[in-house]
Ligand code: ADP
Ligand code: MG
């Protein structure tokens, strides 16, 4: 950029362009004193002009001594500086205007002074011709020449005066301008100082900014690194995004497929729901019908049981055990029923040879045949499953709410315990009625749960020995001996009986029942070692309290299932000598016989519908009073030994059982609430 030119310099430049303010001295040829006089005379003539020029002071003198130097270079220097007129603060355009006016004035100056010094000093030309040199004698001519020259000089002086005046004006103007420019210069200097200060400040700021720039560059470097990292990351993310987009598209495609499938499925579900609702209605109807059928089944089942008799007697003859004498052929006979051998046997015949009885001729009396008829007879080969099949219906009655009592009656060793509990543990074929009955009950209860029935089972197992009750499920310190138990009513006014100190164990599966039977065996085994074969001298009563409820219909039923292994029914041989042991045995036997006869009497009384039923005459009948008579169903197994030596006891048992079999106890009623 072109530096701003100072107005002061501008003026100076302009002044340089001017013509010299003072003309150089004339080069007219002046010779001798005459010349000198003429000059003096001329000086006098010029006096007023000289005086005027002197007024310019040094300027004029300067101009004269240095006539070739341009006036502009000298005139304004000192004078302008010394007496610079005050100029208005405004510079620029106004200054330019001033300079322009100076130039204008110069231009306006008359053309004559613009002649070069050399030309201006030449003698005036007359008529355009160079005057020829006049002879010495032509003074007149010379005078006229001089006059012409003088005239010419006067004219020129006049012109110079005018010029001088113009120059003075110009000078004044220039001085004013100089003053104004000086003021302007000071202002500018001030401004310059301020600008410098600003420049310094700017420098400082620049330094700060440079430092800041460096810092920012450093940060920029870091940021660039970061940006690169981010770019890398961005690239990675873009790739990931592309992958995700692809996956998303894939998922969307799958979603669309799934949605299509879903809408199809929803339609299917809707139709299935309708179908399900229809099925549910149907199911409810069928449930209703099923319940009705179930109640009908129970009624018919009960009728069937009643037709079969509320007291039924089954005779079971055990097989001959290894080591036992084989009975004579025909000793026990199992005649077929009216429908032939396919009919299950219901008769048993015992052939008894009484050696004491003789004929008149002395020949042995022919064997006496004793025929007995029962609801069912099981010959020695009958299995446990076969036996259970016959009582399964009775067990079902217990679930339907009818008290059930199953007894095993017979002499010791006839197979009562085998029938009730089973043979050696671990042989499933030899499993007795108790485990089979319970398994059957659990499975039917499970089936009935589908119809809305809920069943619970609580087991207890006691033995009655010599009219004392002991808990066979006792554990811990009571195990073996067992604390004495009492039969009490469950509550004041309650018909329900309970055995104090006895354990009542809830059972829901076979395994639990197995555990209880094992515990009972252990308890009996301990007792057996302490007292000779006590188990055969006591009644074992397994009781199962069955409670059922149909919550949906508010129907409840509860009944006990009793499985009783009675004490040996054998009588004491009256011919035996009565030692201390035998006396004890006699007491036991009397107690047993008493309780067994009480059982018979109770059944008789119930059958005869007597007003008094002697339940209280024995602990056994007292404990079982709610399961005998009335709504109860009873089944008695009469267990018979196949041996001939036991014929007397067998006949006794068969006679007792026959009596029971003849009894008919009134119509059973289910214990429904
Ligand atoms: P009880 O209890 O009447 O005294 P048990 O049940 O103890 O008689 O039977 C005596 C013996 O006869 C036992 O060894 C038993 O295993 C066996 N026994 C009884 N009945 C049968 C049967 N039906 N089949 C096989 N063995 C039997
Ligand atoms: Mg027994």
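Numbers run from 1 along the shown chain.
Including glycine, each Cβ sits where the backbone N, Cα and C put it.
For the ranges 39-66, 67-94, 151-178, the feature annotated in TrEMBL as region 'Disordered' maps to 67-94. Proximity of the binding-site residues (411, 414, 416, 417) to ligand 2: a Cβ under 6 Å from the molecule is found for 416, 417.
Proximity to ligand 1 at the level of Cβ atoms, with a cut-off under 6 angstroms, picks out 412, 416 from the binding-site residues 411, 412, 416. One way to see the shell of the ATP site is to take the Cβ centroid of 410, 411, 412, 413, 414, 415, 416, 417; the remaining same-chain residues with a Cβ within 8 Å of it are 318, 408, 418, 536, 568, 639, 641. The average pLDDT for the domain 'Kinesin motor' (310-663) in the predicted structure is 86. All chains included, 20 other C-beta atoms sit within 10 angstroms of the C-beta of residue 417 (ATP binding site).
Neighbour list (residue 416 (ATP binding site), Cβ cut-off 8 Å, at least 6 residues apart, same chain): 408, 409, 410, 565, 566, 637, 639. Residue 410 (ATP binding site) falls within a strand when secondary structure is assigned with DSSP.
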